[in-house]
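Annotated in TrEMBL:
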DOMAIN    6-153  domain 'Lactate/malate dehydrogenase N-terminal'
BINDING   GLY12, ALA13, ALA14, GLY15, GLN16, ILE17, GLY18, ASP43, ASN106, VAL130, ALA131, ASN132  NAD(+) binding site
BINDING   ARG93, ARG99, ASN132, ARG163  substrate binding site
DOMAIN    157-325  domain 'Lactate/malate dehydrogenase C-terminal'
ACT_SITE  HIS188  active site, proton acceptor
Amino acid sequence: MAKDPVRVLVTGAAGQIGYALVPMIARGVMLGADQPVILHMLDIPPAAEALNGVKMELVDAAFPLLKGVVATTDAVEACTGVNIAVMVGGFPRKEGMERKDVMSKNVSIYKSQASALEKHAAPNCKVLVVANPANTNALILKEFAPSIPEKNITCLTRLDHNRALGQVSERLSVQVSDVKNVIIWGNHSSTQYPDVNHATVTTPTGEKPIRELVADDAWLNGEFITTVQQRGAAIIKARKLSSALSAASSACDHIRDWVLGTPEGTFVSMGVYSDGSYNVPAGLIYSFPVTCKNGEWSIVQGLPIDEFSRKKLDLTAEELSEEKALAYSCLT
């Protein structure tokens, strides 16, 4: 029997990431090749014409799974009945702007969108925040949509997770699909901690720890970490534009694993509401290793944390606590 369509909201849909993301959703990359979708696309009034152009292209692509398109500049219309919300729209930091100025702009954006989602989205709507500062934007959204369960509000660190998988794959000359269980801890910023201590590679003789195969702790504790942390900046330098294709692809990975589940024995990284696990302060949206089953994520518990890692986990938590304080100061 044919499935009912799932309504998926993409904000900032006329932008770079949105333009890469909507065809992936319409093609079944996010929710599966048998899941029809109705796309809700939101952008700001100055982008209305471009947004209509994206809608025209979606019609022209004749995607079999795409059962409807809503393209609008009205947040209420965009949020009505949505089952999944991918929040790509935000205010980017411009040259000469202080962090507080950027935070203030995003606080007002996420405050109003939280209100529209809370009042008009479908019950149990799953939310993924992509726009930076992603962790703190997600926290603001949670504050202003109190009836959306905290477990339903997440932010994107899967891009960093996938970057870490890619770096290991390149270093060892193995297929990226054979690398698993890297972890991104903390903030989607340059303080994030890409951790390979629990990660493995599938080899012809079984699963082997990455540390053992790489056999270069100096690289794993140094250049590997900084490469993943600064990969976004490297792409801007190369393309003169920020990552769009990889961000869109990882957003699909995040939602697909959340909705359809992670493979047995595999964990992924998601920015989720901290419950105090691993001595991370509760009340932050922090990236943890998670497994997903039946549409719910669970933090992987009991992983040993060495002294080097502990410092990294604490450092990124401190930055998130500072961001949280800055965001809350914008509310007063």
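In case you wondered, yes, glycine gets a Cβ from its N, Cα and C as well.
Structural mapping of features recorded in TrEMBL.
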residue	record	Cβ neighbours (10 Å)
GLY12	NAD(+) binding site	24
ALA14	NAD(+) binding site	25
GLY18	NAD(+) binding site	25
ARG93	substrate binding site	16
ARG99	substrate binding site	12
ASN106	NAD(+) binding site	25
ALA131	NAD(+) binding site	23
ASN132	substrate binding site	20
ARG163	substrate binding site	22
HIS188	active site, proton acceptor	29
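Remark: secondary structure over the domain 'Lactate/malate dehydrogenase N-terminal' (6-153) totals 69 helix, 28 strand, 51 coil, with classes taken from DSSP. In this entry, ARG93, ARG99, ASN132, ARG163 make up the residues listed for substrate, with the farthest two CA atoms of the set 26 Å from each other. Cβ contacts within 10 Å of GLN16 (NAD(+) binding site), excluding its own Cβ and spanning all protein chains shown: 17. Per the record's binding annotation for NAD(+), residues GLY12, ALA13, ALA14, GLY15, GLN16, ILE17, GLY18, ASP43, ASN106, VAL130, ALA131, ASN132 show a top Cα-Cα distance of 18 Å. Note on proximity: among ARG99, ASN132, ARG163, the binding-site residues of the record, the Cα nearest GLN16 (NAD(+) binding site) is that of ASN132.
Looking at GLY12 (NAD(+) binding site) and ASN132 (substrate binding site), their Cα atoms lie 12 Å from each other. With respect to HIS188 (active site, proton acceptor), the closest of these binding-site residues in Cα terms is ALA131, chosen from ALA14, GLY18, ARG93, ALA131, ARG163. When the binding-site residues GLY18, ASN106, ALA131 are ranked by how far their Cα is from the Cα of ARG163 (substrate binding site), ALA131 comes first.
Model confidence over the domain 'Lactate/malate dehydrogenase C-terminal' (157-325) stands at 97, taken as the mean pLDDT rounded to a whole number.
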